[in-house]
Amino acid sequence: MTTAHFYCQYCTASLLGKKYVLKDDSPYCVTCYDRVFSNYCEECKKPIESDSKDLCYKDRHWHEGCFKCTKCNHSLVEKPFAAKDERLLCTECYSNECSSKCFHCKRTIMPGSRKMEFKGNYWHETCFVCENCRQPIGTKPLISKESGNYCVPCFEKEFAHYCNFCKKVITSGGITFCDQLWHKECFLCSGCRKDLCEEQFMSRDDYPFCVDCYNHLYANKCVACSKPISGLTGAKFICFQDSQWHSECFNCGKCSVSLVGKGFLTQNKEIFCQKCGSGMDTDI
C-alpha cells in the first residue's frame with residue numbers, strides 16, 4: 001500500500017498524518033475502529049475505546065478502572081479473584097461469602113487451597129488429622145467415632161475388638177460366645193468346621209460344636225437304643241445309677257410298658273416292670 005492510497009478501511013478517509021489502528025493487517029481511523037470493533041464494558045456498559053486497556057475474562061470485558069470486586073469495590077487489576085453467579089469477587093469477599101468453613105478450626109478455607117470433605121463437613125488439609133496420633137489423614141482410610149476421626153491403626157489400637165479365633169480385628173458384626181467375640185465366618189464347629197452362624201450348637205470347654213459333633217463326641221448314649229441323649233431340644237431322659245435312657249425308651253424289657261414315673265426292677269442293666277420282674281433274680 002502506497003502512502004498515496006493509505007486510507008481507513010471502513011470510511012475510506014485518508015490516514016496520512018493521522019492516528020490509526022491496525023486490525024487483521026487493515027488500517028482504521030480511531031473513530032471507525034472504536035465504533036465498529038470496541039467491546040462494551042460489563043460494568044459501565046460503555047465502549048472500551050482504543051486508547052483504553054481492555055480487560056477480558058471468559059469473553060466478558062471491562063475498562064481497567066471498572067474491573068473491581070462487586071462487593072467491596074476494590075480493584076482486581078493484577079490481583080487474584082473468583083467468580084460467583086457471574087459476579088467478580090476479591091478472594092477475601094469470596095471467602096467470606098462463598099467458601100467453606102473448616103469444621104475443626106472454624107476458619108475460612110481459602111479458594112484454591114486443598115480441602116477435605118467427610119460426612120458433609122469440610123476441613124483444611126492440615127486440620128483433618130487422626131484424633132489420636134494427630135497425623136494428617138488425607139485420603140487414607142479412616143474410622144469415625146463420636147470422639148473424632150481415627151486412622152485405621154490408631155482405631156484398632158484404641159477401640160477395636162479382636163476375634164477369639166483368628167485374632168484379627170472385627171470391623172463390623174460379630175458373634176459373642178462365652179464372653180468372647182468371633183467373626184461370623186470364624187464361628188465354626190470345633191469338630192467338623194461347619195458354619196454355626198445359623199445353626200444350633202453346643203459347647204464343651206468353651207469350644208463350640210454343632211449338635212451332630214457334640215452328640216458323637218460327648219453326649220451320653222441311651223442304654224436302650226444306643227443313640228445320643230441331647231438336652232438341646234428339651235428332650236426328657238431318665239438317669240439311674242450310671243445309665244441313662246430317653247424317656248420314650250425307658251420301657252420294660254419284657255412287655256415294653258413305659259416305666260416313666262413307675263417302680264421297676266433291674267437285672268444285668270435291663271429294666272422290668274414289677275409284674276414281669278417278679279420271680280426273677282433281679283438286682284433290686
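Start at 1 and count along the chain as shown; that gives each residue its number.
Heads up, the Cβ atoms here are built off N, Cα and C, so glycines get one too.
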Stated Swiss-Prot location of zinc finger, expressed as one of 8-32, 208-232: 8-32
Summary of DSSP states over the domain 'LIM zinc-binding 3' (161-220), given as helix, strand and coil counts: 10 helix, 20 strand, 30 coil
